Amino acid sequence: MSQSPFIKIRRDLHKIPELGFQEVKTQNYLLKYIESLPKDRYEIRTWRTGLFVKVLGTAPTKTIGYRTDIDGLPIEEQTNLPFSSEHEGRMHACGHDFHMSIALGVLTHIVEHPIKDDMLFIFQPAEEGPGGAEPMLKSVEFQAWRPDLILALHIAPEYPVGTIAIKEGLLFANTSELFIDLKGKGGHAAYPHQTNDMVVAASYLVTQLQSIISRNVDPLDSAVITIGKITGGTVQNIIAETARLEGTIRTLSVESMQKVKKRIEALVKGIENGFECEVKIDYGSMYHQVYNHEQPTKAFMKYLEKNQNVSLYVCKEAMTGEDFGYMLKEIPGFMFWLGVDSPYGLHHAKLEPNEDAIDFAISVLTDYLVGV
Ligand SMILES: CC(=O)N[C@@H](CCC[C@H](N)C(=O)O)C(=O)O
């Protein structure tokens, strides 16, 4: 059996991961592919490093939006795959190569076999940060072609191929990035009494931040604070004048996000007083929760129940974030998890999703879209 063209496309895209708003090669690749399709049914508009593609329906009464993200992550790939990333320190470790090839598969099918309604395909940059969905939503192009219903998927390494996991209501958390800069007084490693050591201050702060989760957030309303990166100091025998923490906050409710931030600010004040230093907080980019609308989600689940090739799993909410949440805040629709069966999870250097999921997703989506 010959290999699916969308597996080749996934592999091509896997080789060229680019960070948010730097997706120049990716945009060119997508454009070149889409422009190779018969031209009479669609129109393309570029938006920064992203794209909008409108495909005309046969007797449209509405527009259905389908969104894929297109950016990669700052991770050095460790899969040893023959089509590994050619970009040092960059990897499609969150499945956006899968998301794009599936979107191209659905787009190709819809161009070749038009459905009744119009479709808007959204190739969105910068999902991992700083966030492309919100500005794309506000763009002139989006407003002109605004869909009435919108959907998207995310790969899920923990489920087998053939599984689609979804739930009504909250699917993904509210997120906020977190950057904390500490500035004290450096000096000789042997004279700590003459300095304010920011490595020590930052270490205290990291452990204090975890007390917010265990002591301030209602245990039934979960939250996460992850510090993914710490930098500070210059060399082993100099006391550090500066340190920086980089992390992310996740909450299931908007109220908890506000509470967590207030507590961070209070703890930071304590560190400033206790260590006689200056501390600055920057919350970077924030994503609205992904909230699946009741009616379209129910209808999709009903469709999945009837499709014998699909194993439908009603999942719990996750602490992952997705700026697709901004689109769902304004337009009815849903997001779902697509099983890809990888022993290593999202954001891991050895993530290796099963490519059988690509044609499976294209076939489920194209079949579903005929009846929407
Ligand atoms: C699906 C997924 O993994 N999304 C990312 C979104 C990151 C948002 C932002 N950069 C942050 O870290 O808060 C995730 O890490 O959940």
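Glycine residues also receive a Cβ, built from the backbone N, Cα and C atoms like all the rest.
Automatic, uncurated: that is what TrEMBL annotation is.
Other C-beta atoms found within 10 angstroms of the C-beta of D69 (active site) number 28, with every protein chain shown included. Under the heading active site, TrEMBL lists D69.
Sequence-distant contacts of E128 (active site, proton acceptor), defined by Cβ-Cβ distance under 8 angstroms and a gap of at least six in the same chain, are L19, G20, D69, D71, G72, L73, C94. Residues or ranges marked as active site, proton acceptor in TrEMBL: E128.
Residues or ranges marked as Mn(2+) binding site in TrEMBL: C94, H96, E128, H154, H347. The Cβ of H347 (Mn(2+) binding site) has 14 other Cβ atoms within 10 Å, all protein chains considered. Reduced to three states, the DSSP call for H347 (Mn(2+) binding site) is coil.
DSSP assignment over the domain 'Peptidase M20 dimerisation' (180-269) gives 37 helix, 30 strand, 23 coil. Annotation source TrEMBL lists domain 'Peptidase M20 dimerisation' at 180-269.
Cβ atoms within 8 Å of the centroid of the Cβ atoms of C94, H96, E128, H154, H347 (the Mn(2+) site) belong to the same-chain residues D69, D71, L73, H92, A93, G95, E127, L346, site residues excluded. Around the Cβ of C94 (Mn(2+) binding site), a 10 Å sphere holds 24 further Cβ atoms from the protein chains shown. Secondary structure from DSSP puts C94 (Mn(2+) binding site) in coil. In the three-state DSSP scheme, H154 (Mn(2+) binding site) falls into the strand class.
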